[in-house]
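Written below as structure tokens is the structure these notes are about.
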Amino acid sequence: MLKRKINLKLVQKAAMFMAGFTLYQCLRIALTASSFALKRFSIPRRNVDIFITKIHNAMEVAIFLGILLMTLYILFTPRKYAHYNNVISVITNWLVCSLYFVVLYAYAGNGKMGHLTIYYWGLVLSGFAMGMNQSIVMSVSVDNISFFAGAIPFAGVQVSVYHILFLKFNRGRENYDVEYWILVYQIIFAIIISAVAATLWTVGFLGEFTSKRRRNSLIDNTEIPAIVIAGSDQNSAQNDKNMDKLNKNDSGSDIYSEMDSDVRLGQKGLKDLERRSKRVYIRDLTRRLSRSLSFFVDLSFYKSVCNAASPILMSTIAMGLVYLVFPAIAPYRFTDLVTAHRIDVSILITFIAPALINIILCAYHIGPNCDWSLNKHWHFVWLFAIPYFICIILFFVPIHYPESTFGKLMTGNTSVLATVCFTFSLSHAILKTVGFTGAGVQSTTIPNPTIVNNTDISFGPKGPGLSEKEVKIAMQNCKKDRSRNGQVSSFNILLSYFFLVVFAFLGDGYIKTIKLFERNRDFWPTYDMGFFASTAFWIKKSFKRGLRSFGEVFTLDVRDQLMT
């Protein structure tokens, strides 16, 4: 039995790793292989930026909607049904796998033209399923999030290595459509990877669900003998009168009731002591208020979010701002495509380092998957936010001040550009990895249930009570309420993706606005404006253009928009 339990845990870790490895396969198909899809669907190469932006924005919105739907389910479903999340996570994993068959059919079918609209919507629906799956798997297996987050960068490296090797060995082959088959096999690899992930998830978490059901069934069907202390009717009636009197004197906020100090021995005294012992308990104010607000998310959830505020904000900032500047502005805007691609691939490979270090630290129980209130040194990871924000500011300098010294360095010196991009990406990876790993394990501290017997109570003039030493020991041995950990993880990913989508469209609107005005630098719109006025101008213009891009996301005539 012990061997089976250990193996189940190993399968769950492997399933979480494969779920993270599968996560961005659909985005890699849409973005990394976009140049190959252009030829397949006969789209002019001059519209490559429109094609990439359109699919990327649509998929990010779909991912966010999937996360939103699943997070609402997780937050508002009563906790007694939380064990069914294992079954739902199995369904979402297989849904991700099945939708890749739709993408494969749309790309490979219909002769020379393919099914562009089906391909577009297949990727969008894959993003929606990916969002649901990401939210539910992070709530089901909070303790293994380090494996999930650590596997995400491997997808980018896997796709990059696959493209390099495929092009190297097949570029010179006669009568072989390299640009067609490279994406066909990439989709097939995505199907295989997602199928392996779904199989491992089914074995690891559906098995856990069935074993829990079996244990609960055994507990429900077990008869527990009860010991009844017999007493005379007269004593029982007297005890009932005393209990009624005690209830009348008991106020809702008092912890202890006022009682007599003398305790008589014998059967009647024992029953009297037993009655008084049952009245001694510690009221949990948070739990009482939570029950009164049961129609909404109870206060224990808000308390758990407050406890995890630091890692939640850490991952939200890291995820939320990344697409504002990367990779559309840096590095691709400041250098040629070949150099920018090399920088991009190098960054994808370096992403593995923080992920692997995080997995190793968590495996040895010294990682961010701990209580940060006791391990306060993890708050120092916020120091990486300093270079993160500085790099974001530096990326705007060559655009608005192209004649400045630093602006010329960024556009003319590849080493400077690569250094700034690498610093930004490394800071982003560390903040995101540590934040996601730590957010779901900042459990709420609750007092242990106090079990009192006749040797634990000291009766004095003010009634029964626990000594200061006993209270101190009880507080030191407080348990952690881990029931909200999955909900906090889902809320964290929802908040992160909300800001990611907002700033992604803001960045898209900013790029299109800049392209509109940079055609003639002599008529630069903010030439005579101050810093705050010019900042407000660009934010306003970017927001308007980004809002228009959001309205263009969902369409049933994709080819018409890409041909204009």
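The backbone N, Cα and C atoms fix where each Cβ goes, and this holds for glycine too.
Here is what TrEMBL records for this protein:
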- 21-38: transmembrane segment (TRANSMEM)
- 58-76: transmembrane segment (TRANSMEM)
- 88-108: transmembrane segment (TRANSMEM)
- 114-133: transmembrane segment (TRANSMEM)
- 145-165: transmembrane segment (TRANSMEM)
- 180-206: transmembrane segment (TRANSMEM)
- 308-326: transmembrane segment (TRANSMEM)
- 347-367: transmembrane segment (TRANSMEM)
- 379-401: transmembrane segment (TRANSMEM)
- 489-511: transmembrane segment (TRANSMEM)
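Counted over residue pairs separated by six or more positions, the transmembrane segment (21-38) shares at least 3 Cβ pairs under 8 angstroms with the transmembrane segment (180-206), which defines the two as touching. Below 8 A, the CB atoms of the transmembrane segment (180-206) and the transmembrane segment (489-511) form no more than two pairs separated by six or more positions in the chain, fewer than 3 in all. Put simply, of 58-76, 88-108, 308-326, 489-511, the stretch with the most CB pairs closer than 8 A to the transmembrane segment (114-133) is 88-108. Sequence-distant contacts of the transmembrane segment (489-511) (same chain, six or more residues past either end, CB-CB distance under 8 Å): 53, 56-57, 60-61, 63-64, 67-68, 70-71, 74-75, 131, 134-136, 138-139, 142, 145, 305, 308, 311-312, 315-316, 318-325, 328-329, 435-436, 439-440, 538-539, 541-550. Pairs of Cβ atoms less than 8 Å apart link the transmembrane segment (379-401) most often to 308-326, out of 58-76, 88-108, 145-165, 308-326, 347-367. Counting Cβ pairs under 8 Å to the transmembrane segment (145-165), the top-ranked stretch among 58-76, 88-108, 347-367 is 347-367. With a cut-off of 8 Å between Cβ atoms, the residues of this chain six or more beyond the transmembrane segment (347-367) that come close are 146-147, 149-154, 156-157, 160, 421-422, 425-426, 429-430, 433-434, 437.
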